[in-house]
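Annotated features, as they stand in TrEMBL:
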type     : residues  : note
TRANSMEM : B:6-27    : transmembrane segment
TRANSMEM : B:39-56   : transmembrane segment
TRANSMEM : B:88-107  : transmembrane segment
TRANSMEM : B:132-153 : transmembrane segment
TRANSMEM : B:180-200 : transmembrane segment
TRANSMEM : B:206-225 : transmembrane segment
TRANSMEM : B:237-257 : transmembrane segment
TRANSMEM : B:269-286 : transmembrane segment
Amino acid sequence: MSFTRLLCAAAALAAFVGPFAAPVEALAQSKTVAITAIVQHPALDATRDGVVEALKDAGFVQGQNLKVEYQSAQGNPATAAQIARQFAGSRPDVIVPISTPSAQAVAAATRDIPVVFTAVTDPISAQMVKSMDKPGANITGLSDMAPVAEHVALIREIVPQAKRIGVLYNPGEPNSVVLVKALKDEAAKAGLSVVEASVPKSSDAQPAVRSLVGKADAVYIPLDNTVVSALESVIAVGQQAKLPIFSADTDSVARGTVASIGFDYFQVGKQTGAIVARVLKGEKPGDLPVELARGTDLFVNPKSAAAMGVTLPDAVVKRATKVVGQ
Amino acid sequence: MTEIALFGAIEIGLVYALVAIGVYLSFRILDFPDLTVDGSFPLGAAVCAVLLIAGVNPWLASLAAALAGAVAGLVTATLNVRFKILHLLASILTMIALFSVNLRVMGRPNVALLMQDTVLTPFYGLGIPDHIVRPLVVGLIVAAVVLLLARFLSSEFGLAMRATGVNARMARAQGVDTDAHVYAGIALSNGLTGLAGALFAQTNGFADVTTGIGTIVVGLAAVIVGETVLPARALALALIGCVAGSILYRLAVQVALSADSIGLQASDLNLVTALLVAVALILPRLKAKASRGAPRNPSAAK
């Protein structure tokens, strides 16, 4: 039974060191923000650092009037669930879960501590909130859904004469279906029409993009695994038919799409941190609309653009974060 | 450790106790190292989640999850018994296949249940705080499983299953159909794991394809910690040992989560957990050695 005794001793020790640090600082009006991520990788770590940076900008300085707790579940959802319980028990001022499984575990663990999630692609289907505009309850946050509105604006800037946007996607990929719906909404706002071509498997990509020649003035590829895995065959048709191809992800630009806008996750974190700061200052999470992450990284490929018969405006090239393919 | 964190650890420990009991069945009773659980746990979560979304009764959905897990176990057993594939390899094949199956079942990598009714819903709002209701309900389910399983393993069929694991050749000589017992045992083991997956999804509000990672490690650790804490010859006590081991493992994780107060980083979590469990396993041995050494040294015996 020595294990039990040891464990009790260790638990008692942890119980002493943990909670006692907090009340002392609480006297100095200190706030506690508990951050958790499902794994540690560069994008998620940058998100966390961005949150802390934004809080500093808002006057909450770590070590002075802010205590930041951070836990990574090391890829294990059971640990994520346990971290969520731990945070629910230690009652920080705000919990910031990064990624969908971490956010769901936190939402299941508390109904009253303010939660500001981030890097959750689709908060509605993840059942984090019922509505993006008025989340209600104790939860709000930020979605890292692809910035489709910015993509449409980019297409209009580079191909001003475009009236019809073709879209290649696999109807079997839920993520793509969501993006295509968003594309239709944004295109309609800009007075453009959308022409769909379905790609159920990678070998269908080339015939599908051929079918768009003459029917579309530019082609948009969402974050679709099926189409992206056959990207080169799509690019080849774009070059032959002088049909500019755009992608939702910045990685595809190096492979030959004209341009894309993607996220800098440090900025995603800063945007999230700004919401956290508002909650720390007393606003109710349920009253704050869920924000969409703003894309900041603009990747362009002038060589590919030329091959597809378009010239990148100087303004676009000048503000590009990265110019590839030269 | 706060009260909510403590009950949270107990709750997750109880969910994984079903995995521990499953691993005890395959690994200890049948002597069959079975990695299928890394796939059958998320399979249970997936099946339960899609059925709940479709409006099926939560208890029926949980039962279906257990059946799905049992079918996964049967696949492993078939590969091993019928096609003579090494048990370890047979279970790895089923496990990796299940990753694709789970994605098919859910249709996407993550299904949310935060707004669905679960087996726990009727117990909320009875005046008991949520963080106590959850371990209570899961604990009752685990208790029922332990009782039923203890009875089953003491039945004639169960005794034959235990004989199969101890000495298959001898069991066959006594007229035991050892193949049938491997099928039944591995199916039962993965059925319990599937049920655990279903309970995990319902208590945490989501099913995710990644929920299976490391299930076998957690299950084995719980079994071994349980055997150390409760070195029992009686079968019912051994099953209770699995439950205790699983809870203790989660308490160790909980302590490791608080380790930042002594200067450790979040990334050290797995190392700290492993060390705590290792210490738990080594200490009783050292103690036993000390007590054995005592009589040889008369001056210390005073």
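Heads up, the Cβ atoms here are built off N, Cα and C, so glycines get one too.
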Cβ under 8 Å to the transmembrane segment (B:88-107), counting only same-chain residues 6 or more beyond its ends: which ones?
33-40, 42-43, 46-47, 49-50, 72, 75-77, 79-80, 207, 209, 212
What residues elsewhere in the chain lie close to the transmembrane segment (B:132-153), defined as a C-beta under 8 angstroms and at least 6 residues from its ends?
7, 10-11, 14-15, 17-18, 21, 29, 119-120, 123-124, 126, 159, 161-162, 192, 195, 199, 203, 235-236, 239-240, 243
Most Cβ pairs under 8 Å with the transmembrane segment (B:6-27), selected from B:39-56, B:180-200, B:206-225:
B:180-200
Given a Cβ distance threshold of under 8 angstroms, which distant residues of the chain, six or more beyond its ends, lie next to the transmembrane segment (B:39-56)?
19, 62, 64-66, 68-69, 72-73, 94-99, 101-102, 105-107, 111, 113, 116-118, 190, 193-198, 200-202, 206-212, 215
Top Cβ-contact partner of the transmembrane segment (B:269-286) among B:180-200, B:206-225, B:237-257 (pairs under 8 Å):
B:237-257
With a Cβ cut-off under 8 Å, give me the same-chain residues at least six positions beyond the ends of the transmembrane segment (B:237-257) that come close to it.
1, 5-6, 8-10, 12-14, 16-17, 19-21, 23-24, 28, 142, 146, 149-150, 218, 221-230, 268-269, 272-273, 276-277, 280
